[in-house]
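Beneath this line is the structure, given in structure tokens, with notes to follow.
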Amino acid sequence: MHCMAVHQFSPSIVSSLPTISTYNNNHFCRFFTPKTSISPISKTKSKSSTCYPIQCTVVNNSSPSSTIVRRSANYEPPIWSFDYIQSLSTQYKGESYTRQLNKLKKEVKRMLLRMEINSLALLELIDTLQRLGISYHFKNEINTILKKKYNDNYINNNIITNPNYNNLYATALEFRLLRQHGYTVPQEIFNAFKDKRGKFKTSLSDDIMGVLCLYEASFYAMKHENILEEARIFSTKCLKKYMEKIENEEEKKILLLNDNNINSNLLLINHAFELPLHWRITRSEARWFIDEIYEKKQDMNSTLFEFAKLDFNIVQSTHQEDLQHLSRWWRDCKLGGKLNFARDRLMEAFLWDVGLKFEGEFSYFRRTNARLFVLITIIDDIYDVYGTLEELELFTSAVERWDVKLINELPDYMKMPFFVLHNTINEMGFDVLVEQNFVNIEYLKKSWVDLCKCYLQEAKWYYSGYQPTLEEYTELGWLSIGASVILMHAYFCFTNPITKQDLKSLQLQHHYPNIIKQACLITRLADDLGTSSDELNRGDVPKSIQCYMYDNNATEDEAREHIKFLISETWKDMNKKDEDESCLSENFVEVCKNMARTALFIYENGDGHGSQNSLSKERISTLIITPINIPK
């Protein structure tokens, strides 16, 4: 088990839901143009639903039996059985593979340390290590190199004498790597590539890899960094024109005379347009880069390639062990399959945790945190699909009072979920007690109280037919997505030891640091982009897309573009290191950012969590099940 921590939570959110002011009033308001406020009744709209009603009898000790017509989302049962998960096996275990990996690691380390500090090759090597998913092995070495480069170029003002000063590719690559590692490199470095009119030089379009690097670097922009905004617009236009040329056979022939990497370039550009590097999870990027790009590169290094493939497979074997441990827990708690109206998505829940923290040493975090994803999914479906308002109020009250004796006051179908939730959180609290001699049950519980109260408020919107504004929706939605529960648990895992300063800092931040709120908001908006149509068909409350359409009389396409804009703007907030992050561990901050990245990955092409489509199956297979082929 790794580091733990503590913090106190905000007051109850039932009567005073987390208002914009507890986050950053301007963060939400500046993006919304809601209509003049009108009463809930006048905003009521009829709800269309393709959900099928279920007629059933619910036994509740506090009331007579009654027949209730319920909704059903008709979720498919899980395709990954317990027996299949337990049968997963890989050869990449044992000391022989570990010895081989360590030998390759030493060779790569020597390669990294003997390079000239100002060489472009050193920057490219660091970038390659990151894209292959193996840079975590050389964290200290990379940090030392980048710190020296930053001090030499920006503290000692030697940037102009740097041999790569007028090289767009080298400048953009260095900028991205330094910003990624927390160095506030000034955006003005790109003024060297502008003409007398203050526009990026058109001749830069001839350096297509430099333009692609500029595009990737622009996603490290913070608010009001206009040069980086201009860089993104310029690079996007250049890259699109390049792609158009490739589609023209005559133009393509001309390009081939000067560049043999056109196919590779096209793959990289399309990949960047789907999601920029900064927004991607490490594990998925590593598998893609290994499978599709690196082996075909003219400068491919066989030692790096062998090391990356072996490391991927060894870590994957650890993930399989973690998954099997989780699967046994799920079987033993006997909740899976009991609630036929809810999503049973154990494998998908574990995929989230691979996105949050993939390194082999963090098994405890993955094994416990994935339980929360499973429980959030089940309880979300209780509130969204099945429960009556009266039952949901009972469940919310039971979570708030946190007394297992209250189980007899709940309907039968709620008893098992509440009991499993109660036991799971208490067990996690026990782990913290053993590790740090601190009782944190109240803090873990409070995150669930906040979540359930948000769920309840959304249920009230549904039953009253209320149409929230986008502002109202996001005030609630950043919490109701459930990511805050995950990140609170992560905070306890990655802050060790817990100090009084940690507690004081969190209290001053209204108990949810900005980086948590930012990550949760991106998760909510990404979820809405991927699932809102399906959820509306199931009869759920309007999501951010529909709220924006209602507020602004906009089309769905216009609303989707605005939600993407909100995601981009929220990333700018996350790119800026707040003062409140000073008390947060580096691992925890990275998990928060990885939450946003994983959400964008999961919902990139639809509902990758609830829907068991071919794409989600393929992703699970490549990341968790199928090792990379390594010829003997």
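Every residue, even glycine, has its Cβ placed from backbone N, Cα and C.
Your range for motif 'DDXXD motif', going by Swiss-Prot and the list 235-239, 325-329, 330-334, 380-384, is 380-384. Of the residues Arg343, Arg401, Arg560, Arg597, Swiss-Prot puts just one in the (2E)-geranyl diphosphate site with Asp380, Asp384, Arg524, Asp527: Arg343.
When each of the binding-site residues Asp380, Asp384, Asp527 is scored by how many other Cβ atoms sit within 10 Å of its Cβ, Asp380 comes out lowest.
Looking at Asp384 ((2E)-geranyl diphosphate binding site) and Thr531 (Mg(2+) 3 binding site), their Cα atoms lie 14 Å from each other. Here the C-alpha separation of Asp380 ((2E)-geranyl diphosphate binding site) and Thr531 (Mg(2+) 3 binding site) works out to 14 Å.
Fewest other C-beta atoms within 10 angstroms, among the binding-site residues Arg343, Arg524, Thr531, are seen around Thr531. Model confidence over the motif 'DDXXD motif' (380-384) stands at 94, taken as the mean pLDDT rounded to a whole number.
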